[in-house]
């Protein structure tokens, strides 16, 4: 009799088990992507095509942001050196500058106006140095905003704003990719952005509508700026303005390139009413000197000046009416903290500017003869080194000197006429 086959084991599937690759339907699981860089600027960069570094006049250089206030418009431009790998090695590319708000980006821990290579600070009038609420951009979620500046902003030569001109196609492709990503997210928020974004509806909205709103807001802001509702364009100092500045009290004046330090406050020197601070560059540019932000940090506030100075009223002279003229003399001290990130820059500035007048090139002033001496000796100062010639040779090359009445006062003698015609003959 045949042996019966053993019963087949029955296995019940677990609903929680994951099917194997052979049983799984649909596309295979994709590899996890690395986390995107979350320290990217909100704005497109500025490409530098020359040796001149990026620089903006005071009060300029902050990209337009539809959601920012003047107090928030402060930050830094950071240079990014680029290179490309070729068959013969690496080839450097034109550097590109990107803007970040204060307290954000790769230099988030850098104090406002700190000196560092490849970093320039910009701010609008009325901006504060507080860390910004705008954070940085996640390129996987949001496209870059094309950099735009307020009317009147002076962009250095050989700089190109990315996203304009030849880059319009790439910007369009980036917008379409971002639009498809945004529609699949269904309004998810950007975890890398802190608190706020320059986009008018925050992060995660459909890019088409968001971009249109940004353009409308920027257009309105540009119209307000042109109409004078926003920040005014930098004022050009004219001769009339300089003359009006002279009417201000001396200690209330502001030296600029159009009304320099010497014009506003006088020559540098050791006198009791003179200042010994200022090199040639500072004397020429005043507050438009690129070093001015660091120089201004050394100046005390009005409260500190009045509260930390030694004062003394001194009598210097009398005016035209004989009334006494008094001056308020003061002296004080400022501690230079070596822990401050600008300490080395301060020492460099102080070393270059204190008593710099002593090394200025001296100009020789021509003394103008006064009174009768001007008529009798008009050109003696220019002829001092000429050797004295014999009498006859002097008559050969006679130089008529003196005023017109003097030249016509006398008539030459017969001997002078003969010597002039026949220089080798004897009278």
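Cβ from N, Cα, C; glycine included.
Note that the structure is a prediction, hence the values are computed from the model and not measured.
Under the heading compositional bias 'Low complexity', Swiss-Prot lists 167-197.
On the 0 to 100 pLDDT scale, the model's mean across the domain 'CoV N NTD' (38-163) is 88. Residues or ranges marked as domain 'CoV N NTD' by Swiss-Prot: 38-163.
Look at the domain 'CoV N CTD' (238-361): DSSP puts its residues at 52 helix, 19 strand, 53 coil. Taken from Swiss-Prot, the feature domain 'CoV N CTD' covers 238-361.
The feature phosphoserine is assigned by Swiss-Prot to 132. Taking the Cβ of residue 132 (phosphoserine) as reference, residues of its chain lying under 8 Å away and at least six apart in sequence are, in sequence order, 72, 74, 75, 101, 102, 103, 104.
Residues or ranges marked as phosphothreonine by Swiss-Prot on the basis of sequence analysis: 147. In three-state terms derived from DSSP, residue 147 (phosphothreonine) belongs to neither a helical nor a strand segment and is classed as coil. Counting Cβ atoms from all protein chains shown, residue 147 (phosphothreonine) has 21 others lying within 10 Å of its own Cβ.
Swiss-Prot lists 1-72 (among others) with the feature region 'Disordered'.
Helix, strand and coil residue tallies for the region 'RNA-binding' (34-172), in that order: 11 helix, 41 strand, 87 coil [DSSP]. Look at Swiss-Prot and you will find 34-172 tagged as region 'RNA-binding'.
The region 'Disordered' feature in Swiss-Prot is assigned to 144-204 (among others).
The region 'Disordered' feature in Swiss-Prot is assigned to 361-411 (among others).
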